[in-house]
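J.: From TrEMBL, for reference:
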- SER45, THR67: substrate binding site (BINDING)
- 115-239: domain 'D-isomer specific 2-hydroxyacid dehydrogenase NAD-binding' (DOMAIN)
- ASP147, ALA205, SER206, ARG207, ASP231, GLY256: NAD(+) binding site (BINDING)
- ARG207: active site (ACT_SITE)
- GLU236: active site (ACT_SITE)
- HIS253: active site, proton donor (ACT_SITE)
- 288-367: domain 'Erythronate-4-phosphate dehydrogenase dimerisation' (DOMAIN)
Amino acid sequence: MRILADQNMPLVDEYFSGFGEITRFDGRSLNAEQLIDVDVLLTRSITQVNDVLLSKANKLKFVGTATIGTDHIDQTYLTKNDIFFTNAPGCNSVAVAEYVISSLYALAQEDDFLVQDKVVGIIGVGNIGSILNTKLTALGITTLLCDPLNQSNNQEYLTFDQVVHQADVISLHVPLIKDGQYKTKHMFNEVVLQALKDNVILINASRGDVIDNQALLKQMQTGKALSLVLDVWENEPNILVELMDYVRFASVHIAGHTLEGKARGTQMLYQALCLENNQEPKYQLSDFLPQPVIANIKLNNNFSNQDIRALVHSIYDVRSDHGLISNQLMIKGFDFLRKNYPARREFSAVSISSSNKLQTKQLAQLGFEIYNEEK
Ligand SMILES: NC(=O)c1ccc[n+]([C@@H]2O[C@H](COP(=O)([O-])OP(=O)(O)OC[C@H]3O[C@@H](n4cnc5c(N)ncnc54)[C@H](O)[C@@H]3O)[C@@H](O)[C@H]2O)c1
Ligand SMILES: O=C(O)[C@H](O)[C@H](O)COP(=O)(O)O
């Protein structure tokens, strides 16, 4: 079996070498010639998989993207050509939710507010939005949910307009849908942006095109008071650099890039290929994840709600990502910063011990491991 895998996908040799010969490719410059005689294509979000790329793919039977988003894949073409397709739903949901929590705490610290005093609107309540909702609720934060396509799990849902006008924080977790009734491309256009309340915190870790970046720049240039947290941008990797000046925390589409999130993506493709080939999976994530720098933390009795911020930021502080893009974007470029993103762990890599039952429960809901019997 010949396997072609994106060079930015971790653990490909570890998971896939048993299946055959592996060749790595640059996700931005993959071309049709490279697909000749290839059986399995493993991509990330930056490769457009369509009729042009696959025009010479004479043997291709399996396409997997180690991502949640699928807007780069022409699934109709794959179905028509009898090519199996899978993505990795949920692989990096926890990472994105933790990115939002880290951002919120960083703004709370810099602007001197309590996260519990903010109402957070979540637009798109699928894998990521639901996990974020659980974590925010555990912290005592009120959430407003909007998802016209997902009215499940006994939640109260509001309309887009209600959420956008009532929330102090708006966090976007929709897929990119380019047209139709539930279109999300430019969901935040000039009109919506203009109507936002002053001082709203707008967080986008979904897809760049969900916010009209030119319209957003125009609003900010005319003095609109918004706190912007942007992980994703229109036209990556050639983003609208002028917008950066107005962004409180900017990053290079890495909200999902924890070690766990990326490795889970590879593992899900491995499991799908095993299933397709009637093989029992041999490996699991824990076989390959390194020990975290901080593995155990024992909390003392004085640990308070306020200390959760410090705990969260000891695992992941979004400001380190902002530092990277601010200092190095123009020198190194967007893709270089993504490829060389420092190792980041999820809260679950850290085990917490506390004698306070309520606190232990809250931290468990936030995603930390608990290592005493008080769980
Ligand atoms: N920044 C990153 O690193 C990163 C990482 C992972 C995923 N993502 C992006 O986040 C998106 C969401 O991920 P997910 O796993 O939660 O996906 P998901 O499919 O589980 O959830 C998306 C939710 O959005 C809802 N939705 C669709 N159209 C909507 C609309 N018009 N208004 C409101 N809700 C709408 C859907 O019903 C669904 O429940 C992905 O599609 C991907 O584009 C980004
Ligand atoms: O959709 C996703 O899962 C994410 O956006 C994913 O993390 C994108 O990152 P990439 O595949 O480009 O590394």
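Cβ from N, Cα, C; glycine included.
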J.: Using ASP231 (NAD(+) binding site) as the reference point, find which of the recorded positions SER45, THR67, HIS253 has the shortest Cα-to-Cα distance to it.
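T.: Closest by Cα distance to ASP231 (NAD(+) binding site) among the recorded positions SER45, THR67, HIS253: HIS253.
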J.: Around the C-beta of GLU236 (active site), how many further C-beta atoms are within 10 angstroms, looking at every protein chain?
T.: 17
J.: Which of these binding-site residues has the least crowded Cβ, counting other Cβ atoms within 10 Å: ASP147, ASP231?
T.: ASP147
J.: Anything from the recorded positions SER45, SER206, ARG207, ASP231, GLU236 with its Cβ under 6 A from ligand 1? List those in sequence order.
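T.: Passing the 6 Å Cβ check against ligand 1: SER206, ARG207, ASP231.
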J.: Over all pairs within ASP147, ALA205, SER206, ARG207, ASP231, GLY256, the annotated NAD(+) binders, what is the largest Cα to Cα distance, rounded to whole Å?
T.: 21
J.: Which of these binding-site residues (ASP147, ALA205, SER206) have a C-beta closer than 6 Å to some atom of ligand 2?
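T.: The ones that qualify number zero, so the answer is none.
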J.: By a simple count, how many Cβ atoms lie within 10 Å of the Cβ of SER206 (NAD(+) binding site), its own Cβ left out?
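T.: SER206 (NAD(+) binding site) is surrounded by 26 other Cβ atoms within 10 Å.
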J.: Where the distance is taken from Cα to Cα, which of the recorded positions SER45, THR67, GLU236 turns out closest to GLY256 (NAD(+) binding site)?
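T.: Result for GLY256 (NAD(+) binding site): the nearest of the recorded positions is THR67.
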J.: What Cα-Cα separation, expressed in whole Å, is found between THR67 (substrate binding site) and SER206 (NAD(+) binding site)?
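T.: Computed Cα spacing between THR67 (substrate binding site) and SER206 (NAD(+) binding site) is 12 Å.
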